Amino acid sequence: MGEAFAERVAVVTGAASGIGAATARLLAERGAAVVIGDVAEGADDVARALRDAGHRALWVRTDVTDEDSVAALMDRAAAEFGSLDVLVANAGIAEPKAPLHELDVAAWRRVIEIDLTGVALCGKHALRHMSAAGSGAIVNVSSILGAVGQANSSSYSAAKAGVANLTRSAAVTYAASGIRVNAVAPGYADTPLVAGLPADVRATMAARQPIGRLARPEEVAEAIAFLASDAASFVVGAILAVDGGYTAV
């Protein structure tokens, strides 16, 4: 796809590693100036590597649960590079697995704040810039667990289902304004979080996906880049499953 994002500015949250880092690299390779919003200092390493490769990139320390922090991220992107054309709302955390009757309310609130409210805040403040420009593309990161049930997954499943319907609502709200909003719903992917799990757990995850393996972060990044690009100009409100067939069963 060459320079599909030439002269465009993309904000990617949660890009210190995994899907976010792969997405930041891919968008930069295709011409975008990339602004990474993350609390983790590893995001600075990603941005530095992109600059060393000749791309435009910077890291802005961002807490997606803090509205002022999110607003500052979007404003910095627009001020530094002249516009804000693409948002990839990827920042998220996992949950402590437990049945609902053993719910840790503090942990529930933390997951909802980061995985759902954080996406909403990023959209809110990206849309300030996109609405003024009359164009833009937002890609939120949901999950297969936003579409299907899994035992002992309360907060994460609720948050990711919320992201999916938040995406649909925003999509129909802003489509006529030249702003497209879509989401990806990844299956189990070979991210650092998963890499730290026992081998038998990783094998079970892979076996649940008809394709028989974990997704590579770069494969999910390709789907995100498609939805953010002009190639998806008529795609609005889609929740694109990138799950190796998990939700097709």
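Cβ from N, Cα, C; glycine included.
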**Further binder of NAD(+) named by Swiss-Prot next to ASP63, VAL64, ASN90, TYR156, LYS160, ALA189, THR191, taken from the candidates ASP38, ASP230** = ASP38
**Item:** Neighbour count (Cβ, 10 Å) for VAL64 (NAD(+) binding site)
**Value:** 26
**Fill in**
Cβ density check for ALA189 (NAD(+) binding site), other Cβ within 10 Å (all protein chains) comes to 23
**Item:** Intrachain C-beta neighbours of ASP38 (NAD(+) binding site), sequence separation six or more, cut-off 8 angstroms
**Value:** THR13, GLY14, ALA15, ALA16, GLY20, TRP59, ARG61, THR62, ALA91
